[in-house]
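Asker: Pasting the relevant annotations from Swiss-Prot:
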type	residues	note
BINDING	Leu20, Asn27, Lys156	xanthine binding site
BINDING	Ala128, Asn129, Gly130, Gln131, Ala132	5-phospho-alpha-D-ribose 1-diphosphate binding site
Amino acid sequence: MKLLEEFIKEKGTVLPGNVLKVDAFLNHQIDPGLMQEMGKAFAERFQDLGITKIVTIESSGIAPAVFAGLALSVPVVFARKKKSVTLTDNLYTSTVYSYTKKESNDISVSKQFLTDADTILVIDDFLANGQAALGLLEIAELAGAKVAGIGIVIEKSFQQGRELLNKTGIPVYSLARIASLENEGILFLEEE
């Protein structure tokens with residue numbers, strides 16, 4: 001998605017350790033116009049798959065997931081990283097490792113909001129090592145839900161995440177695919 005690539009080039013910052021900081025439009029401050037276009041792009045790609053719900057992880061996946069949900073006219077469910085007094089029982093839970101935070105988190109979805117009647121689209125902000133998406137796939141499997149596709153905002157194609165997700169046989173679509181974050185700047189792969 002050329003618009004997203006422009007945002008990444010203009011407002012993204014490469015940090016040591018192959019970390020891409022995009023808090024100017026995605027991870028801290030959110031650009032609603034960009035989110036709307038991303039939601040439309042995900043909807044166009046997955047509209048014919050019978051999606052009944054979108055599933056993501058808090059917090060940076062929520063905005064793109066909500067805009068995709070608007071475009072597809074389906075609800076959005078986000079896996080919580082922290083338990084709260086209102087989210088204690090009847091949960092599907094998986095453990096995921098965060099590449100940027102260098103820690104593992106249990107993520108949970110209430111059984112009330114995900115069932116074997118659902119066909120879901122998983123949406124996440126980044127694909128690096130694939131752990132977040134795999135955790136959501138595990139939750140879907142526990143619920144008996146069908147996963148029709150995986151939508152990624154920014155994929156670091158030089159890391160193993162895409163390879164791991166491809167092994168699941170579930171279609172993966174990334175709006176921006178980064179080939180490298182080297183000294184010469186951010187290099188993108190061609191659009192899918």
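Glycine is no exception: its Cβ is also placed from the backbone N, Cα and C atoms.
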Asker: Count the other Cβ atoms sitting within 10 Å of the Cβ of Gly130 (5-phospho-alpha-D-ribose 1-diphosphate binding site), across every protein chain shown.
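Answerer: Total other Cβ atoms inside 10 Å, all chains included: 27.
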Asker: Which one is it: of the binding-site residues Ala128, Asn129, Gly130, whose Cα lies the shortest distance from the Cα of Lys156 (xanthine binding site)?
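Answerer: So, spelling it out, the nearest of the binding-site residues is Ala128.
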Asker: Including all protein chains displayed, how many Cβ atoms other than that of Ala132 (5-phospho-alpha-D-ribose 1-diphosphate binding site) lie within 10 Å of its Cβ?
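Answerer: If we count other Cβ atoms within 10 Å of Ala132 (5-phospho-alpha-D-ribose 1-diphosphate binding site), we arrive at 28.
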Asker: Within 10 Å of the Cβ of Ala128 (5-phospho-alpha-D-ribose 1-diphosphate binding site), how many other Cβ atoms can be counted across all chains shown?
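Answerer: Excluding its own Cβ, the number within 10 Å is 24.
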Asker: Compute the centroid of the Cβ atoms of Leu20, Asn27, Lys156, then list the same-chain residues not in that set whose Cβ lies within 8 Å of it, in sequence order, for the xanthine site.
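Answerer: Sorted by sequence, the hits are Gly12, Val19, Lys21, Val22, Thr100, Asp125, Phe126, Ala128, Ile154.
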Asker: I'm trying to understand the geometry here, so how far is the Cα atom of Asn129 (5-phospho-alpha-D-ribose 1-diphosphate binding site) from the Cα atom of Leu20 (xanthine binding site), in Å to the nearest whole number?
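Answerer: Computed Cα spacing between Asn129 (5-phospho-alpha-D-ribose 1-diphosphate binding site) and Leu20 (xanthine binding site) is 14 Å.
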